[in-house]
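Written out below as structure tokens is the structure these notes cover.
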Number of protein chains: 2
Amino acid sequence: MELWYTEKHTNTVNFSIQVKRHFYSESSPFQQIDFFESKEFGTFFTLDGLMMVNEKDEFVYHDMITHVPMATHPDIKRVLVIGGGDGGTVRELTRYKHIEKIDMVEIDEMVVRACQKYLPITANQLTDPRVTLYFEDGLKFIQGKVAEYDLILVDSTDPIGPGEGLFSMAFYTDCFKALTETGILINQHESPYYPNYAREMKRSHDKIKKIFPISKVYQFHMPTYPSGHWLFGFASKSLDPIKDFKKEKWEAFGLETKYYNTDLHTGCFALPTFVKKLLEE
Amino acid sequence: MELWYTEKHTNTVNFSIQVKRHFYSESSPFQQIDFFESKEFGTFFTLDGLMMVNEKDEFVYHDMITHVPMATHPDIKRVLVIGGGDGGTVRELTRYKHIEKIDMVEIDEMVVRACQKYLPITANQLTDPRVTLYFEDGLKFIQGKVAEYDLILVDSTDPIGPGEGLFSMAFYTDCFKALTETGILINQHESPYYPNYAREMKRSHDKIKKIFPISKVYQFHMPTYPSGHWLFGFASKSLDPIKDFKKEKWEAFGLETKYYNTDLHTGCFALPTFVKKLLEE
């Protein structure tokens, strides 16, 4: 018998992974959660049938969401992670000894508990004493907060289902208020290639650039996401990821990384012309 | 009825495209050639069941194989293209008015004739008066040539089947001899992500760096190739793609490009750490 997991990247494009077993399948109050074991990607899980995290390429996403802002502003001490139930973003943050406080707000506790059980490669630092887990709606959590965080990482699903509000004008405005004067917001920024994703990329960027004086986009290779061409948004009140890049200071941390490095820090902001045009439209 | 084209990216990973019709299927003396029409990618063709070119993302590959060397050495006048039967690489080269001679050596005339008929988007400049088509083995064509070309573009299939010899030490050595003193060799360099492709990437790089004093690798996002993370090799007798980059001179050509731009020129050489390590091993 062969068992295949298939994800529709578009209505007429499928990506399929042969799985050894489908060992977890639960409906939380928010979404459908499934865990699989595969030869090529190791353990992976999906939310509402979309690939979230797998053991083979999670390092790409988690390196890029974390180290780009940390190398722009190496003095970050208070961090808010919204979403990120797999724990991989928190894992990378905990590698910085000088970070004092990491609040993680994940709406779906079942995702976190399942990842702690089945995906320790990403979830293994959620018990770090600097980490506080809040199982609530990030939209509500952030309301009314003023200058509490140096960095907000929005590690969300696509803007359909529980992640939808995390792509709204109201949410980005609340993030702006919750950040300190040198604060940085990184958000999951979808992809430029397939039209459905490109539309969300543009919508997100259009909103953020109205609120933040500095708003850039950077890219990386994420083979298991649709098209493999994926983006994060970098927004800040005052810091530019290239002009304010603290290369030597970041290198002095001595962190070993598998994807991120200081050449790539600059390189990843160099976008193809068609992406720049889509973002400027 | 639904008709799906499926390509195995690994033994346990499939990429599938729903097609409107499969309208050409012929065996040449060298390989199996198939043409399809699809909603997402327009017309595409496969060789021995592997995606070669489609109307949606061909611009990525053809921009990156052509404009990176042309912006490093804008005075290139004599170019050899090996492979490239779809004509897209030649199309980009013909946009440079000062190029005097473009020899294209493609082993399989049937691929060229089919692309001229069904894929004019890439094949439409093969009749440019500066272009000479040779339907023969690139390996033999290049033997004995001395300082005849300023640029050699190896636009080949994977190193299995008719493209195999184009990844050999003997061939790279012949390329070195066939190039002028400032000559550049660009070659299809596979991908770092799935092990089968990463092995060929390393083998190719190991050979080229033994022959050429300058040997670099650059990356791009090619959604329809396995993992979407694809590479070209840049090798040269004397020019470095970053130090010798002629940004202003290239911009003065006034070429509109959809993927390549002068920021990306530098950015694409910034490789993820895991890729750098694989190449250095």
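Any Cβ shown, glycine's included, is placed from N, Cα and C.
Nobody curates TrEMBL annotations by hand; they come from automatic prediction.
Keep in mind that what you see is a predicted model, and the values were worked out from it rather than measured.
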- prompt: Of B:Gln31, B:Gln32, which one shares the S-methyl-5'-thioadenosine site with B:Glu106, B:Asp137, B:Gly138, B:Pro162 in TrEMBL?
  reply: B:Gln31
Task: May I ask you to find which of B:Asp86, B:Asp128, B:Asp174 TrEMBL records for the spermidine site already listed with B:His62, B:Asp155, B:Ser156, B:Thr157, B:Asp158?
output: B:Asp86
- prompt: Between B:Gly138, B:Pro162, which of the binding-site residues has the fewest other CB atoms within 10 angstroms in the structure shown?
  reply: B:Pro162
Cα distance (Å, whole number) from B:His62 (spermidine binding site) to B:Asp155 (active site, proton acceptor): 9
Message: To the nearest Å, how far is the Cα of B:Asp158 (spermidine binding site) from the Cα of B:Glu106 (S-methyl-5'-thioadenosine binding site)?
response: 15
- prompt: In the same chain, outside B:Gln31, B:Glu106, B:Asp137, B:Gly138, B:Pro162, whose C-beta lies within 8 angstroms of the Cβ mean position for the S-methyl-5'-thioadenosine site?
  reply: B:Phe30, B:Gly83, B:Ile107, B:Asp108, B:Gly163
- line: Excluding its own, the Cβ atoms lying within 10 Å of the Cβ of B:Gln31 (S-methyl-5'-thioadenosine binding site) add up to 20
